[in-house]
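Annotation source TrEMBL lists domain 'Cytochrome b5 heme-binding' at 18-95. Here TrEMBL flags 124-142, 148-169, 265-288, 308-329 as transmembrane segment.
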């Protein structure tokens, strides 16, 4: 009994020696060279480890000085396994008197969302259907085969080539939605299998980089529509977004472009050029600068396959022109689908909202239909996807009623609209922001 008592006392002493921190102290550690974050009331110093983070150092840095519990749960399909990597980074816990959430977040809302997530897990909504994803991959391969058969049997006339380009653009767009699934670890139970097939789909089927996509896209999910954190709203001074940035630019008399006409020049430079120009330059330069040699090899295999297939019919220059036109078509598809859920929503600086509120403020849904599901890769369920990034997309409709109910309980806006209106709202939002800029530029 004596030894047992001594062990109990030692355990108590070890527990007492764990450093305790207040939110005031934790929030000071949100610098480039000093990063702390909180997961389930435990405090971790991730300063040195951030650069080894598989999802990229920026996404973890964006959560510095905050409670990252919900983000941690959202991005990892096996949090228990990942916790092992966190153990060496543990430096203490929240002091007993400190709330579990930072910055006056509604603790009951946060708790209810976590309960909703547990309910979704109990309903097996995070379990993927092998048949769904197998058929999805098969229809992409079938489109590629159809394109080759067309040019083989009907030659390289203008009509055939135009149809061929649309088929290949469709294949590329659908492969883009499929790589998105594997990138979010939503297909296989093991992360390694998701990563491997992700490299195959985005690399061999699309000629892009898995690491480039991961490091960029995860930032968007962690902090959607947040300036300086979400790369998707970093418009490089080409556009001004939301309600605050245009006024800020206007007051400072910044006029890189005539922003009051951005809703017009949007059609000329955003949908046509994003993929064939900006993304292509960024992807290739990123793979080389960061030495993503495996990604470069996968991308090279795509271009080898493409040119071996089409140079016999179109020659080198013709094949390059065809590929550029395919990227041009795909870019329009990609831009309209990906921007309709975000540009018309709140775009602002960091407000430190809870996970549910921050995701709902930045995203909206598009009405469900078989065509909308296929055309958008289920990104018409953008709200559910942002709340649960690792959930297989074929289950979004099942969790949707639970999400809507929780939003109604706490007065969080859940926005859903027709596909056509979503497209119109992109242009309307750009015009509104441009008008705000012009007014501030002229009168403030």
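Including glycine, each Cβ sits where the backbone N, Cα and C put it.
Sequence-distant neighbours of the transmembrane segment (148-169) (same chain, 6+ residues past either end, Cβ-Cβ under 8 Å): 309-310, 313-314, 318, 322, 325-326, 329-330, 333. For the transmembrane segment (124-142), same-chain residues at least 6 beyond its ends with a Cβ under 8 Å from one of its own Cβ atoms are 77, 171, 174-175, 178, 181, 186-188, 201, 205, 388, 390-392, 394-395, 398-399.
Across the domain 'Cytochrome b5 heme-binding' (18-95), the model assigns an average pLDDT of 93.
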